[in-house]
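Read through the structure below, which is laid out as structure tokens, and then see the notes.
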Amino acid sequence: MTLQSQDVIRRSATNGLTPPPDARHFEEQVTKLIDVTICTGCKACQGACDEWNNIRDKVGTCDGTYNNPRDLSPETWTVIRFDEYVDPNGKLEWLMRKDGCMHCQEPGCLKSCPAPGAIVQFANGIVDFESEHCIGCGYCMIGCPFNIPRVSEKDNHSYKCTLCADRVAVGQEPACAKTCTTGAISFGNRKEMLELAEARVAELKTRGFAEAGIYNPQGVGGTHVVYVLQHANDPEIYHGLPKNPEISPLVRGWKDWLKPIGALGFIGTIAAAFAHFAGVGPNTDQYAPPIGEEEEKTLKREEREVDEVVDIHNRRVLRREDKAANEEAAALQRQAEQASKKHDHNDGKAD
């Protein structure tokens, strides 16, 4: 069975008004467990990822470390991070960590993506990119608290680890887990993987690693890629693994607050326009631009030819009798004003 639309429980840039059709929420959740304490840094997982996904990054240059490639890219979806750590007792440790998408239960990339359907989350927990819908805005990079997605300069699409969704859909494990030579990478049912992680932590504590623990951050709802760390109290020593990752407040504010407010404002504007139309009626006023000299001459000529007069400045056509009445009223008003002035003048002489 392959992953289909029925297996999708979330899509980017959609909401509860447009849910996935008949999403199968009962799909078994999966988890990849990475025990960094038994990772040897052989990079077999890197090679398997490149081989299965048919991706090849360009050859880089040596930077004096064992990090090669130096970082994730659109053509490199997983890398081994190497770090030297000196504990409080002065003991040197090699810390090696397989880095890639964490497949968060509450993915920041999906929440921040403005392209409908470009990022999906399946019922089994896998977060995948649908590149044909990607617009290359890079918002997924901003929304991801682990700094994982990368936008390609070739096609302007974003890429990351898919947790081999195509292999998982037919009952196979991811290519990296399949090829791991030391068993540092395990894959399976989420409950079983967490139980295995707890057993490994208990064993590490018997060996003197009192701070050993499981890295499954709840700030993103938990992840479907979890680590067993011997220094779980300080995950940042593992090449900057965030201690308390969470979705950026800017992303939450934009998606959870500003978008609903904007939608309400739009609905309010439409409602106000409808209420105005229903109560007052359509606006019939029209803007009359200043009249030109030629148009004024034309209007005056037409006034002489027809039994109508034109109010040039107000662009109105009046009947001649209306104009005569207006002129008569104006003449009477002038006479009244003159009589009033004469009366005032005579009163002044009498005084």
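Every residue, even glycine, has its Cβ placed from backbone N, Cα and C.
Because TrEMBL annotations are produced automatically, they should be read as predictions rather than curated entries.
Matching Cys134, Cys137, Cys144 to the [4Fe-4S] cluster 3 binding residues that TrEMBL gives (Cys101, Cys104, Cys109) identifies Cys144. The [4Fe-4S] cluster 2 site recorded in TrEMBL includes Cys161, Cys164, Cys176, and the single candidate from Cys42, Cys49, Cys62 that the record places there is Cys49.
As stated in TrEMBL, the feature region 'Disordered' covers range 320-351 out of the listed 64-95, 320-351.
Per-class residue totals from DSSP over the compositional bias 'Low complexity' (327-338), listed helix then strand then coil: 12 helix, 0 strand, 0 coil.
A sphere of 10 angstroms centred on the C-beta of Cys45 ([4Fe-4S] cluster 1 binding site) encloses 25 other C-beta atoms.
Of all the binding-site residues listed here (Cys39, Cys42, Cys45, Cys180), Cys45 has the Cα closest to the Cα of Cys161 ([4Fe-4S] cluster 2 binding site).
Highlighted in sequence order, Cys45, Ala48, Trp52, Asn53, Trp77, Thr78, Gly100, Thr162, Leu163, Pro174, Ala175 have their Cβ within 8 Å of the centre of the Cβ atoms of Cys49, Cys161, Cys164, Cys176, the residues recorded for [4Fe-4S] cluster 2, and are not part of that set. Cβ proximity to the [4Fe-4S] cluster 1 site centre (mean Cβ of Cys39, Cys42, Cys45, Cys180, cutoff 8 Å) flags the following additional same-chain residues: Thr40, Gly41, Lys43, Ala44, Ile80, Lys98, Cys176, Thr179, Thr181, Thr182, Ala184, Ile185.
Between the binding-site residues Cys39, Cys176, Cys176 has the most other Cβ atoms inside 10 Å of its own Cβ, all protein chains included.
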